Amino acid sequence: MPELPEVETVRRGVEPHVLGRRIERVVVREKRLRWPIAEDFVDKLIGRRIVATERRGKYLQLVLDNGDRLLVHLGMSGRLFVLRSGHALLKHDHVDVELDDGTLLRFNDPRRFGAMLLWHSGEPLHPLLATMGPEPFSDEFNGEYLHTLSRGRKTAVKSFIMDGGVVVGAGNIYAAESLFRAGIRPTRAASDVSRPRYDRLAVAIREVLAAAIEQGGTTLRDYAGADGAPGYFQQVLDVYGRDGEACRVCAKPIRKLVIGQRSSFFCPNCQK
């Protein structure tokens with residue numbers, strides 16, 4: 001599933017091709033995505049100019065000149081490609097947004113868990129964004145914030161930081177990698193982690209996500225950037241997917257377990 005680094009990579013890839021461009025044509029081949037595409041979707045987009053691109057959590061936002069926003073969620077297998085008008089269709093190409101210079105944004109999603117939604121100017125904060133925690137690169141997110149929020153929480157610290165209401169972006173891969181960098185065992189109760197260790201964890205989360213963005217994200221199965229290129233962060237993962245392999249720090253074997261129905265990887269020697 002594309003996480004924050006993958007969506008940020010797509011945003012950066014899309015932005016130079018769409019800023020200032022007017023939407024000329026919209027083609028919807030399949031309305032039945034995770035949430036059905038609205039009946040007025042096409043009419044509300046045609047003629048509008050894209051003035052900014054933003055990201056909130058895993059939602060890419062194309063900001064239009066009337067204040068409306070096109071929200072794009074990649075779901076489990078969605079991809080948003082930058083192509084040229086007339087590019088040959090592939091299976092699962094569900095939506096085209098064609099711009100006035102012939103640039104084509106094409107949304108492809110084999111499993112149809114992704115979404116394309118309009119958030120109209122003047123409406124309250126979209127329900128999908130309303131319960132999100134802070135961005136990991138924001139001033140609000142730090143060790144003090146994590147420590148305060150974790151008091152009384154007996155859930156595993158890995159599950160705690162994966163909660164999008166706590167912080168956005170710490171998906172399964174990145175949570176595992178961040179906990180390794182911070183030296184915290186993923187099964188430890190969130191309330192048992194000290195303030196200094198949460199300070200290290202907040203820094204680690206930022207570092208891991210920044211490194212993943214720099215590498216274009218992590219491609220394990222379906223993900224590709226806007227230009228079709230895979231991410232490369234999977235080549236430098238310290239623990240995720242490395243069950244039984246030697247830890248890069250202490251050479252002890254990496255272990256795998258299940259936390260909250262998700263595969264988790266850690267070094268029993270380096271993480272306490």
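Any Cβ shown, glycine's included, is placed from N, Cα and C.
Note: TrEMBL annotation is automatic and uncurated.
The candidate list Arg84, Arg111 contains one residue that TrEMBL assigns to the DNA site with His92, Arg153, namely Arg111. In the three-state DSSP reading, Arg153 (DNA binding site) counts as coil. With respect to their backbone Cα atoms, Lys58 (active site, proton donor) and Arg262 (active site, proton donor) stand 19 Å from each other.
Ranking the recorded positions Lys58, Arg153 by C-beta neighbours within 10 Å puts Lys58 at the top.
DSSP classifies Arg262 (active site, proton donor) as strand under the three-state reduction.
A separation of roughly 21 Å, to the nearest angstrom, links the Cα atoms of Glu3 (active site, proton donor) and His92 (DNA binding site). Residues of the domain 'Formamidopyrimidine-DNA glycosylase catalytic' (2-114) grouped by DSSP class, helix first, strand second and coil last, total 20 helix, 45 strand, 48 coil.
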